[in-house]
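First up is the structure itself, then whatever we jot down about it.
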Amino acid sequence: MDVRQSIHSAHAKTLDTQGLRNEFLVEEVFVADEYTMVYSHIDRIIVGGIMPITKTVSVGGEVGKQLGVSYFLERRELGVINIGGAGTITVDGQCYEIGHRDALYVGKGAKEVVFASIDTATPAKFYYNCAPAHTTYPTKKVTPDEVSPVTLGDNLTSNRRTINKYFVPDVLETCQLSMGLTELAPGNLWNTMPCHTHERRMEVYFYFNMDDDACVFHMMGQPQETRHIVMHNEQAVISPSWSIHSGVGTKAYTFIWGMVGENQVFDDMDHVAVKDLR
């Protein structure tokens, strides 16, 4: 488990390129036949990836010991979105088939969660966010047909994109975790511009569906102290509440966003005008 401490905005603005990457970038999300796990002190979110190829991968008691509990989800909820080939997730003996861009919410209290791929030639890639939970909501599969899509932006401003809301109150109940998938239209490069912060929630972006020769310049920092981190395919970045979170790519891309914090009101954000950015 890779533990990342919280960081003050006044400290963050003094960091050089490598310093910013060390604090906020999750460089390797998927490792064959293993799970990766980054634990952030910011709202206690855990992010990572699971890519089973030649064997199943389970997340259970061994992680619980690192969290000071008996098992991983004793006091947590889990959200998973599969960006790879078809797979299965077995939760306490109940098997769910999770296809490409299907998702599974796992409620607090699940003791054993086992991940597998259907075809080793096209393995599943399970990206997950995990957050503290105060009660148990039912484990539920969510398919792309069940999400709440919203299309925003314009080709003229190169920010035409569709936001697919997987884990939001209109789709299913969670304690605090919200997740979704945003896909840019072909030829569009910007996400979340004009940008915003949200004092009451933190967020993690996971960029994927990118060519090897492409990258995204992820914008972060306070609106008057902006910085950037260069992101490549299948990498994640942590965004504290005080930071903007926006990006521009060399080509179109897709990203998964996950939020935890005070509320689940998607539009509860503090907008920043482009003219006010520095």
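Going from the start of the chain as shown, residues are counted 1 onward.
Cβ coordinates come from backbone N, Cα and C, glycine included.
Site annotation for Zn(2+) in Swiss-Prot covers H196, H198, E203, and the matching candidate from H100, H134, H232, H245 is H245. For H196 (Zn(2+) binding site), other Cβ atoms within 10 Å of its Cβ number 16.
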